[in-house]
Amino acid sequence: MCGIVGYIGNKEALPFLINGLKKLEYRGYDSAGFCIQHDGKLSVVKRKGKVKELENASKSLKITGHMGIAHTRWATHGAPNEANAHPHLDCKGAIAIVHNGIIENYGALKEMLKKEGHRFFSETDTEVLAHLIEKFKGKNLESAVAMALKLVEGTFGLLVIDKTSQEIIAAKKGSPLLLGIGSQEIIIASDASAIAGHTKKVVYLNDSEMAIISSNNYVVKNVNGKVVEKKIHDMEMTVQQIEKRGFKHFMAKEIFEQPLAIENTLRGRIGDGRIKLSIDVDVKKVKRIIITACGTSWHSALIGKYLIEKIIGIQVEVDYASEFRYRNPIIKKGDLVVAISQSGETADTLAALKEAKQKGAKTLGVVNVVGSTVAREVDFGIYLHAGPEIGVASTKAFTCQVTALLLFALYLQQQKGVLDKKILEELKKIPAKIEEILKESKNIRILAQKFKASKNFLYLGRGLNFPVALEGALKLKEISYIHAEGYPAAEMKHGPIALIDEHMPVVFIAPKDDTYQKIISNMQEIKARGGTVIAIINENEPYIAALTNHVIKVPKTLDILSPLLNVIPLQLLAYHIADLKGLNVDKPRNLAKSVTVE
Ligand code: M6R
């Protein structure tokens, strides 16, 4: 969840580190720090709060040097304060380390090291690594790091420097790291956004690999110390993609980017009335599909279940990745496990994927971040091509995930020779229909003004739009801190209806589909109990006005595609409420963009 960046080359390291941290700040943002090596010394600066605080602090210090490491933190062990911020040092201040991940046996290691006389200055698990490396420092830095890591249980993406070596040591297990290869310089980062704009050539480290990096060379070794040949990839991400482009927040930009993002997901995949995906899944061999994911990606998985079962008739199960991995799931011949992840680095999703692979399942990834760990672990993948999603609240990734799942369902239909071209044709019209809804943003802001002081919200939908209700509730709670719940509308009468009074806004997702009449009855039940009804509709029947307090109309589409439209007003409502409350929309409290810890 934290962000790591390192620089070694022929330029001043500090601007690279600060700029890199700013790009990575969306991953973790409670404190930040850097360490620069120069003249046989290590200069360390850390600050609680945003990278801006660190940048301001560094301005007066005039720190120079051509190699350094830096970190932006999302606290796991110890409070977010300066002492716990990275980099961490050994007893003599001769070794510095930044780390992403969790050292699970840090308690035992810390006890051992304390008995050996090591002094600790923080509550973090990471500091243990600095002292372990110190313990083995009779050797060179590379060997000391390798020996230290042999004692470690847990996950890490880490960078280490010391006072004298002209190299950065990088190591990875369960947490991403990549090298950006420039001319006479190498940038190492946990995320491509810190490298974009400097070079397009990247090398992805795999688990249990270690890189020894100097300004014009790098050597990657495996856990046995053997040199590994690494492929240099071309990075897709551009600097423009990770800028706000005039929007107040990344979240707003990403909501408004959805028409283009969906076009990009579809690009090259639906030409001449056929579905083209670079995957090798044989519909005749697939007996069951298990989709595993977390958060918003889990909501798109639920939609995937509805639509695959509906249009292909293959049984689909959906599991929270965190539950799947620990319940000894039954995997049979003919099972296909689909992992959905925007970041491709979510620890629970990765662990679920590993569990599925161990049990012999074929795996498919639906991933946004190119080259991410999920993308590399799966047998086949469908990239979203949605572009970087920086706002912590996932928006364009959600609609692109649903689009990718639709493409997958249509790909299976095509193999059966029953491709429904009506869906295909309508899918092409979705971006323009989303543009129409985005024009309602100003009106939705007026609505948001009315509800920004609410303490609770309910979101109700049925069928394919039940997961949309869950997603609307998640968006609201994670950025506006208003308590919100999503339910299948019919579940109301089994308990939640007791909550209804004049202080309870209820958002209905009510397109005119085969559940419409039922939803209207549910609306009546809420209205009769004094609840405030906000309805997302696609047909304005004369009786709707009497049943609702506010309506947001979206264009009509095929039932199966309606989640792609209905979610947009819910994203906008959450966004405007959070913004009107003056909250940090892109970086909500306690959250991080990519959850790389369990
Ligand atoms: O990167 P992933 O899609 O694997 O992330 C999963 C969740 O952590 C993520 O969707 C989270 O729920 C978002 N903050 C929701 O907006």
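Each Cβ is built from the backbone N, Cα and C atoms, and glycine gets one as well.
Heads up, TrEMBL stuff is auto-annotated, nobody curated it.
Copied over from TrEMBL, here are the features:
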- 2-216: domain 'Glutamine amidotransferase type-2' (DOMAIN)
- Cys2: active site, nucleophile (ACT_SITE)
- 279-418: domain 'SIS' (DOMAIN)
- 447-588: domain 'SIS' (DOMAIN)
- Lys593: active site, for Fru-6P isomerization activity (ACT_SITE)
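Between the residue listed as 'active site, nucleophile' and the residue listed as 'active site, for Fru-6P isomerization activity', the C-alpha separation comes to 9 Å.
Mean pLDDT across the domain 'SIS' (279-418) comes to 94 in this model. The Cβ neighbour count for the residue listed as 'active site, nucleophile', using a 10 Å radius over every protein chain in view, is 29. Of all Cβ atoms in the protein chains displayed, 28 besides its own lie within 10 Å of the Cβ of the residue listed as 'active site, for Fru-6P isomerization activity'. Per-class residue totals from DSSP over the domain 'SIS' (279-418), listed helix then strand then coil: 59 helix, 29 strand, 52 coil.
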